[in-house]
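What follows is a set of notes on a single structure, which appears directly below.
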Amino acid sequence: YGSSDPDTRALTLDVITREAKETFPQFEVREAYISPIVRRRLEKQGVHKDSPVDALLKLRSEGYSHVLIQSTTLIEGSEMTSVRRDAESVKPFFKEIKVGNPLLYTVEDCEKVIEILTQEQPGKKEDVIYVGHGNQLPSTATYAMLDYMMKAHGLKNFHVSTIEGYPTLDATLAQLKETRPKQVTLIPLLLVCGNHTKEDIVGVWKPEMEKAGYQTNVRMQGLGEQPAIRKLYMEHIEALLK
């Protein structure tokens, strides 16, 4: 997707690109941003980022014939659809073009991410809520599956919710009535933490949690800041090479 915040990029997207170059030194690694809005904002800052199609056409003009595309999206949502569509549009120009799956694609992917997200156990009478973006598409079910799988593993004090999809804020508040914590910690379930996320979580979710009677903390850290999450993206690239 991309980010127009330089500090956020330095902690997440830039690190992923650097680690991809270090992990796969035999390949040329390029970066592209899906969001036109983010790219326009960056241009005003004097920073240029290619769109996926532009990056692919540049590779073609430079003589590359085989391309692997790995998106850093979390779920099979609209951004992932855009990436697959872009790859299909330039397919005739390459001998081979492959697209890797998003972070949360298979049940095994979800198991691995849950293991990472729940390594740090909450304190006594504390619940942890991971807040994803979500959407109104079938892919928002991925978040509900994560939440269900956590509960199936006995992780009753961990929850997954979304800003624009399902599970909703109200659905999560209903779960909290069952676990009855004294305090909750809100953590973004997003690769990067942009201003929009901060406004939603700090400006909307935190007050609603406090209104419901919970002492509320916010840990504003993107998933991309976690080495274990970044490693999963490298594993997705390795899967493309097989």
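Even glycines carry a Cβ here, placed using N, Cα and C.
For H133, E164, H196, the entry in TrEMBL reads Co(2+) binding site. For the recorded site, E164 (Co(2+) binding site), the DSSP three-state label reads coil.
If you take the C-beta of H133 (Co(2+) binding site) and look for same-chain residues 6 or more apart in sequence within under 8 angstroms, you find T162, I163, E164, G165, L189, L190, T197. In the three-state DSSP reading, H133 (Co(2+) binding site) counts as coil. Residues or ranges marked as active site, proton acceptor by TrEMBL: H133.
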(request) Enumerate the residues of the same chain, H133, E164, H196 excluded, that satisfy the criterion Cβ within 8 A of the mean position of the Cβ atoms of the recorded Co(2+) site; list them in sequence order. (result) G134, T162, I163, T197, D200
